[in-house]
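The next block holds one structure in the form of structure tokens; read it before the comments.
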Amino acid sequence: MESTLGLEIIEVVEQAAIASAKWMGMGEKDTADQVAVEAMRERMNQIHMRGRIVIGEGERDDAPMLYIGEEVGICTREDAKAYCNPDELIEIDIAVDPCEGTNLVANGQPGSMAVLAISEKGGLFHAPDYYMKKLAAPPAAKGKVDIRKSATENIKILSECLNRSPEELVIIVMDRPRHKDLIKEIRATGARVRLISDGDVSAAICAAFAGTNIHALMGIGAAPEGVISAAAMRCLGGHFQGQLIYDPADVNTPESADWNREENIKRLKSMGVEDPDKVYEAEELASGETVLFAACGITPGTLMEGVRLFHGGARTQSLVISSQSMTARFVDTIHMWDNPQNIQL
């Protein structure tokens, strides 16, 4: 899979990032997202594969493109037999977020990127559109920290694993009212908190790389993005756990005010989630034999530069990670269109 699709998926996220970057700082988050969706879908449909969106822009009735269940790739066309040999057909599941951090793009803030994860059919967890409690940490802490433990306990373990004092640790938390007590607890240990408005996939990945000065991600975010984060962390050997959140009291958002705890439990069970309280490991959320993850910076971030547009072209920086070869490749690309001038270095 890596040898046949590795370069292709880089180009998919590059095209989505470039399209979205053209709307950076324009205050139009929906447009920045929509153009990324269109560009990602168009490039996917040029790939020799039979792909199925398992995490995308929403249910079919709510999303015209890259909706859950949509099939993409040349081998999904009606005339597929003319292009695809059934014996060589690659059937894959795909999780996408064409513009992770739409508000970041709209406001010209750092940390947004186009991301996707792929695996063979059945290799990615079909996360319901709920919230998820998440814990991401470096490979050195894998299997030692635990989402069921308190933040205080996990920071103590993390400190020991990384041979750092708590004061030398930085924990990423989404800047949400629901995290008020979590932030207070983290700070009480001496660890420092970096608040982010959006983009917890990027934050989770940063925790796996030494030198980012990010040592863990804690708190509650969207479940679909949790699967994408898990795919990346599985490839990197980092620690990731997720637990679905169904109680409105844990989320504390305007939309959760209409939630009913018992109804949410029933809905999750109807979707195949036998134990709504189950803690999922990265290897369960991304269970495929082969998992590939790709991301391209839209605005500048800790790991990657954002898209840099110049007359007649653009320069992008991407990351592709593979569980097959256990590699993380940073790809710096100059895209030259019509009569490029002043090529960006």
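Cβ coordinates are placed from backbone N, Cα and C, and glycine is handled just like the others.
The structure displayed is predicted, hence computed values, not measured ones.
Annotation note: D33 (Mn(2+) 1 binding site) sits in a helical segment as assigned by DSSP. Residue environment of D33 (Mn(2+) 1 binding site) contains 22 other Cβ atoms, counted within 10 Å of its Cβ in all protein chains. Per Swiss-Prot, Mn(2+) 1 binding site is recorded for D33, E57, and the stated evidence type is similarity to another entry.
Counting every protein chain shown, the number of other Cβ atoms lying within 10 Å of the Cβ of E100 (Mn(2+) 2 binding site) is 26. DSSP assigns E100 (Mn(2+) 2 binding site) to a strand. For D97, E100, E225, the entry in Swiss-Prot reads Mn(2+) 2 binding site, with the evidence type similarity to another entry.
For E100, G101, T102, Y131, R176, P177, R178, D198, G199, D200, the entry in Swiss-Prot reads substrate binding site, with the evidence type similarity to another entry. Taken residue by residue with DSSP, R176 (substrate binding site) is part of neither helix nor strand, so it is coil.
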By CA-CA distance, flag whichever of E57, R178, G199 among the binding-site residues is nearest to E100 (Mn(2+) 2 binding site).
G199
Between all pairs in E100, G101, T102, Y131, R176, P177, R178, D198, G199, D200 (listed as substrate binders), what's the biggest Cα distance, rounded to the nearest Å?
21
Could you tally the C-beta atoms, other than its own, that fall within 10 angstroms of the C-beta of E225 (Mn(2+) 2 binding site)?
24
If you count Cβ atoms within 10 Å of the Cβ of R178 (substrate binding site), leaving out that atom itself, what do you get?
17
By CA-CA distance, flag whichever of D33, R176, R178 among the binding-site residues is nearest to D97 (Mn(2+) 2 binding site).
D33
Sequence gap of 6 or more, Cβ distance under 8 Å: name the residues on the same chain that satisfy this around R176 (substrate binding site), in order along the sequence.
G219, I220, N252, T253
Identify, among the binding-site residues E57, D97, the residue whose Cβ has the fewest other Cβ atoms within 10 Å in this structure.
E57
